[in-house]
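What follows is one structure encoded as structure tokens, with my remarks underneath.
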Amino acid sequence: MKQSPLIRTFFPSFFTVFLISIFIVFAIMEYRHTKNLFSQYEAGIQQIALSNTNRFLDDINNITVDAARRIEVQNININQHIDTLIRNPLIKDVYVLTSDGNIIAASNAERTISNSLVSDAAKLKKYTTLMSPVHDDKTSGNKLVTIFTPLPNYEQGILVIDFSLEKFQNMILQDLISKNFTVAVFDQNGNAVFWPFEDKLLSGFVFNQESYVLENKRYNVLSAQTDNAWLIYFFFPANNIEIFRAITVLLLVFALYVCLYELLVEYWGVNTAKTYFENIDFAIFNQINEGVIIANNSGRILFANETAHHMFAERKNLLRNVRLKEILGNVDLQRENYGSQSFSLKLSDKLLKAIHSPIIKNNKILGSLTVLRNEVDGDTSISHVMDKVFESIPQGIIFVNKQHEISQANLIAKCYFANLIKGISIELVDRELADFIYKNIDSGSVKRVQLSSGVTCEVTPVHDEDGIYVGTVVYILSETTAI
């Protein structure tokens, strides 16, 4: 059993829509998974940088507090203690100052410490610290950070320690600089602790920006703050995954919309025969004698030639943009029937013979074509005359119509063949004769056949002026003995 074009095209379209929908879901899930991996990777880098920075700052704070405790509790020689502290590679200079900023003891007589910071440190509680902004060492050029803590039990003094940031910078350089990411560190006042690019580019850096372009290479910028209000900026090369995801999903969604459109087109039948015939001049159909009606897939008439208009001249409205069902009446034209249908159409003054066929292209029903012609067999007066003519012929004669049914047979013919009833199939009369008629439908000449029953016949196919087969005339030769 053949499937209709609707079935053959609807399900492949539906399957395509289903597959694309699955691809979209998996693409979104995959991109989310990939983005989560990138996010976890970036979060891991941030955590490492924050941990290392906080550990370094905690270490120098602890060194300062521990030194203050030793000075106050152990009552040691201050100069010896300063000499011991200087041996620590992190420490550059150590000072013990009064609250006015005067030096009590120091490893370096040249003091470069701000008096305002000394005043602020004097107000601190015991064993709490104050961190200065990052500044440069005038002798070495290295970056320093100074920690202050009060010494209330030692002459109301203040312990001041300059810490070198060289070790911290080397740690960042070794652990947090690679081709996949880099970091920059700034203190609480925005001074650079570590800058991974050229120094001249530092002035062009804007805090809180989300991207940074360097030598035509774009970086995504993230930031995090330490416990001491230092800022760490992370530079990750842009991977464009968001752009790729957006483009991929948009393309898949576009493909889904196209397939959905095709699916709805197949389901609701919005394709029209007009599209199929858009490059054809419909005036060609006005040159033929049969009525031609072309309708779209929704059943509305797109074109009817002049002959069709004459056939339905009694209608007040033109045969244009009206439903084909209004013209053909109650004729059942099933959409799933993609073969031709023949039927008769009775009008008030005439009987029409109609052939209806769908227009199919690439397994898609685009519309339908209906051909109408006057049914001359409906003229009862001519039929009556033909009956008289047949009976008057002194020879057996049979007319088999194009449906291979007995249309006319005189009394003499009935003497040779039993069961010659009007409307009965020729196969039920004589199968051998029927086969011979089938084989010679396209023959343009008279063919003689002697049947196994002994009856000799001359078979003449009949075609109309358009070359269309209309039936076969069978002559029974007189030398044949009647049954």
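Glycine residues also receive a Cβ, built from the backbone N, Cα and C atoms like all the rest.
According to TrEMBL, the protein carries these features:
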DOMAIN    51-194  domain 'Cache'
DOMAIN    283-331  domain 'PAS'
TRANSMEM  6-29  transmembrane segment
TRANSMEM  243-264  transmembrane segment
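The predicted model assigns the domain 'PAS' (283-331) a mean pLDDT of 81. Within the domain 'PAS' (283-331), the DSSP-based counts of helix, strand and coil residues read 16 helix, 12 strand, 21 coil. Assigned with DSSP, the residues of the domain 'Cache' (51-194) fall into helix, strand and coil as follows: 50 helix, 40 strand, 54 coil.
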